[in-house]
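These come from TrEMBL:
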{"type": "DOMAIN", "residues": "126-251", "note": "domain 'Phosphatidic acid phosphatase type 2/haloperoxidase'"}
{"type": "TRANSMEM", "residues": "7-27", "note": "transmembrane segment"}
{"type": "TRANSMEM", "residues": "101-119", "note": "transmembrane segment"}
{"type": "TRANSMEM", "residues": "131-151", "note": "transmembrane segment"}
{"type": "TRANSMEM", "residues": "187-204", "note": "transmembrane segment"}
{"type": "TRANSMEM", "residues": "211-230", "note": "transmembrane segment"}
{"type": "TRANSMEM", "residues": "236-254", "note": "transmembrane segment"}
Amino acid sequence: LFNFSKIQHALTFSVLHIMLILFLWRLPHLPSHPVLNWIRFWNPLLWILPNFMELHYLVHTVRPHDMDAVLIRIDHWLFGVHPTVWLEKITFPALTEYLQVVYSTFYFLPLVLGLYLYFKNRLDRFDYFKFIMVYGFFLSYLLYFTVPAIGPRFTLNHLQHVQLKGLYLTEIIRHTLNTLERIQRDAFPSGHTAMTVITMYFAYRYFKKYFYVLLVIGTSLIFSTVYLRYHYVVDVLGGLAMAAFVIWTGPYLYRRLQINYRERGQS
């Protein structure tokens, strides 16, 4: 449908998606089994990371013209400088190491809150938080198609005079992330910002002690997105706006989906 013939591994992806859809369609009707029950409970979250990795093959094929130039102009208009270049003034190895480690905890922050709710048997709250996570992640994926951008570590690298060198783990983490994610058009909005803010919001509601931990880790993670040159500042602002939108619209959408599900079950 979207330049199908130009998408790498298009046939393989299509077959895998069809098989997955058929499996999920049959899943509610399969007999009870510990493994199947676990998949039933967790399955909405299982596809977040694989679908993100799939975007590497899709976004640039569907939208081949990156919009980094627009984002760069907005940043420069707001600040009078390129923020990632300006931040070289405070760059030093220990800070780079800390922020790279914090950046790599992104997927673990909501997971910790989800596991806390799950093992505390607060399943209604867990179910809603699970929905919000899926809603937030997939909304960000959709927006990557709307504003495809590769980020300042590529587009502004020629202006940088200081390389981001850490201590012991920075290069290992950076290489691992680059290998797993490949080159993504995922700069705007900053999903790291949006999903971290959403996690902090629900931690404040459901797990106050964890919220106070996230005040440090989450704020550091958001700052790291610009310091480490993954994002423009406007990406962070877009992530904050997206987080507010998801938190605001989530309850209504969740209720509507529950009503529709019950109505289908009764028909």
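In case you wondered, yes, glycine gets a Cβ from its N, Cα and C as well.
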Restricting to CB pairs under 8 Å, which listed stretch, 7-27, 101-119, 131-151, 211-230, 236-254, is in contact most with the transmembrane segment (187-204)?
236-254
Do any residues, 6 or more residues outside the transmembrane segment (7-27), come within under 8 Å Cβ-to-Cβ of it, and if so which ones?
36, 39-40, 43, 47, 54, 57-58, 61
Could you tell me the mean pLDDT the prediction assigns to the domain 'Phosphatidic acid phosphatase type 2/haloperoxidase' (126-251)?
96
Could you put numbers on the helix, strand and coil content of the domain 'Phosphatidic acid phosphatase type 2/haloperoxidase' (126-251), residue by residue per DSSP?
95 helix, 0 strand, 31 coil
